[in-house]
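Peer 1: The structure is given below, and queries will be raised subsequently.
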């Protein structure tokens, strides 16, 4: 069955973006927009689409959760042995995208990615809820085939016996954080009549950022 959505459209009229009034640092604007999304009760505003591409030149995308905005990029945590981890090992160029329909906004981040310090990953892992720590050990490897859900549940329950509530769960060597160092970041604000505002920050050789407006 085919479906036709060609007549479905909305008029975006909730905001505007002026190149003359934005801060020099894209991270300052990212923080401002993120805080506004939180205040407007956007559901999981820190959820972002992460696009990777390995040596096979086949792109893949999935949702991951932003956990930190640094002075040079953004940090998330995952399984290093996952499909995304394999892509990253072969090609460090990635893109991330936030889309907040409630605010009619997008943020597109392009950059290079690398593992963060293992001690920092371990510190974050130990802050996670106990069952989330245990669950991380079930995915060996993440995206690997499993016979059925019962096998997963049995592994999880056995791990909970091995590491009961209150016991320290070791940080897996295959699990940790990545930081995307931003080379370019685009802020998109929906406008009426498809005349959207698009401002892109580009990182220069000296580490500063220049800005320009893009056609919608």
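Just so you know, glycine gets a Cβ as well, placed from its N, Cα and C.
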Peer 1: Need a hand: Swiss-Prot gives 62, 63, 64, 65, 66, 67, 77, 78, 106, 142, 143, 188, 198 for FMN, which of 84, 115 is also on that list?
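Peer 2: Answer per Swiss-Prot: 84.
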Peer 1: Using C-alpha positions only, work out which of the binding-site residues 9, 128, 194, 196 is nearest to residue 62 (FMN binding site).
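Peer 2: Result: the closest of the binding-site residues to residue 62 (FMN binding site) is 128.
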Peer 1: Let me make sure I understand the span of the substrate site: among 9, 10, 11, 12, 67, 124, 128, 132, 194, 195, 196, what is the greatest distance between any two Cα atoms, in Å?
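Peer 2: The span, Cα to Cα at its widest, is 44 Å.
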Peer 1: Have a look at the binding-site residues (64, 66) and report the one with the fewest Cβ neighbours inside 10 Å.
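Peer 2: Checked 64, 66; of these binding-site residues, fewest Cβ neighbours within 10 Å: 64.
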Peer 1: Between residue 196 (substrate binding site) and residue 84 (FMN binding site), how far is it from one CA atom to the other, in Å?
Peer 2: 32
Peer 1: Give me the Cα-Cα distance between residue 64 (FMN binding site) and residue 194 (substrate binding site), rounded to a whole Å.
Peer 2: 29
